[in-house]
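The structure appears below as structure tokens.
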Amino acid sequence: MLTSLTDLCFSPIQVAEIKSLPKSMNETNHSRVTEFVLLGLSSSRELQPFLFLTFSLLYLAILLGNFLIILTVTSDSRLHTPMYFLLANLSFIDLCVASFATPKMIADFLVERKTISFDACLAQIFFVHLFTGSEMVLLVSMAYDRYVAICKPLHYMTIMNRRVCVVLVLISWFVGFIHTTSQLAFTINLPFCGPNKVDSFFCDLPLVTKLACIDTYVVSLLIVADSGFLSLSSFLLLVVSYTVILVTVRNRSSASMAKARSTLTAHITVVTLFFGPCIFIYVWPFSSYSVDKVLAVFYTIFTPILNPVIYTLRNKEVKAAMSKLKSRYLKPGQVSVVIRNVLFLETK
């Protein structure tokens, strides 16, 4: 019936065009991208072995450094304080930030064609915004902890009790989850039916949205607004917190001022290393992709490896706890015994 009405109302040429529309639309709908090609850090084959070795060592250092902080804080009762509780959670998030894409990047150095499935790409987008969003809020919580410790020392343990510390950590994960859910909502329904090359070593949201078959200008603005709001608001809260701390200790003794400056130096360094690349990528999203790749490596690799160094090298309590941990599990002669046993088993 519909065919006969169409034939009566339109010319043969128009009928042919109308009948061809559904077919072309179906072909477009079914030609969705099923995988993306990651261009990685470099296209040079000669550099791949060097990059594989370098990033394997860096990733191993991230795992050892952050696991050591978590083990030290949990095993030493003297470190069961709010500051070290938050520090251990920061180390856990750093492990997550370094692990959502780095193992695949390292494995991709050994293959010529670097691909990732559509679902795995969405998973990377989900986890990178979950972990980085959570870390931003956790850094604000750590700044609040230092504010209470320095500005209200007599009420520190009352204000920063265990329940408050747990709530602060849960809030950081909740905000990270809300942030990544809103970001993923912008991407999950975009049509990808043509280009599938991502100029990075993981599926970064601004780069993936540019591959959609439709104009993503509005979507890109929403993504920038979402990420920019979280990054800038967290950064401003941190700046205000540290400014208030410095003003508060200004009239105190030089010893208190020196201790506050030492604490703030570590915190501000970590904040700058983490927020700098994030703000640059999302507030100025139209920069060159090569710069974005360098910054992405910075906050996924170098920040997680520098955090343990920054927070522990100048911290006498952590270094003392690590020495105690070393003496407990690595007693004199114990390492040599383990080595001899391994060699004995190999010769049997």
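Every residue number used here counts from 1 along the chain in the order it is shown.
Including glycine, each Cβ sits where the backbone N, Cα and C put it.
Bear in mind that the values here come from a model prediction, so they are computed numbers and not experimental data.
Feature annotation from TrEMBL assigns transmembrane segment to 50-71, 83-102, 122-144, 164-186, 229-249, 261-284, 296-313. Residues or ranges marked as domain 'G-protein coupled receptors family 1 profile' in TrEMBL: 65-311.
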Interface present between the transmembrane segment (122-144) and the transmembrane segment (229-249) (three or more C-beta pairs under 8 A): yes
Contact set, same chain, for the transmembrane segment (122-144): CB under 8 Å, 6 or more residues outside the stretch: 83, 86-87, 89-90, 93-94, 96-97, 100-101, 116, 168-169, 171-173, 175-180, 183-184, 187-188, 202-205, 208, 227, 230-231, 234, 237-238, 241-242, 267, 270-271, 274-275, 278, 299-300
For the transmembrane segment (50-71), distant same-chain residues with Cβ under 8 A (at least six beyond the ends): 41-42, 87-88, 91-92, 94-95, 98, 102-103, 105-106, 109-110, 301-302, 304-305, 307-309, 311-312, 318, 322, 325
Mean of the pLDDT scores, which run from 0 to 100, over the domain 'G-protein coupled receptors family 1 profile' (65-311): 85
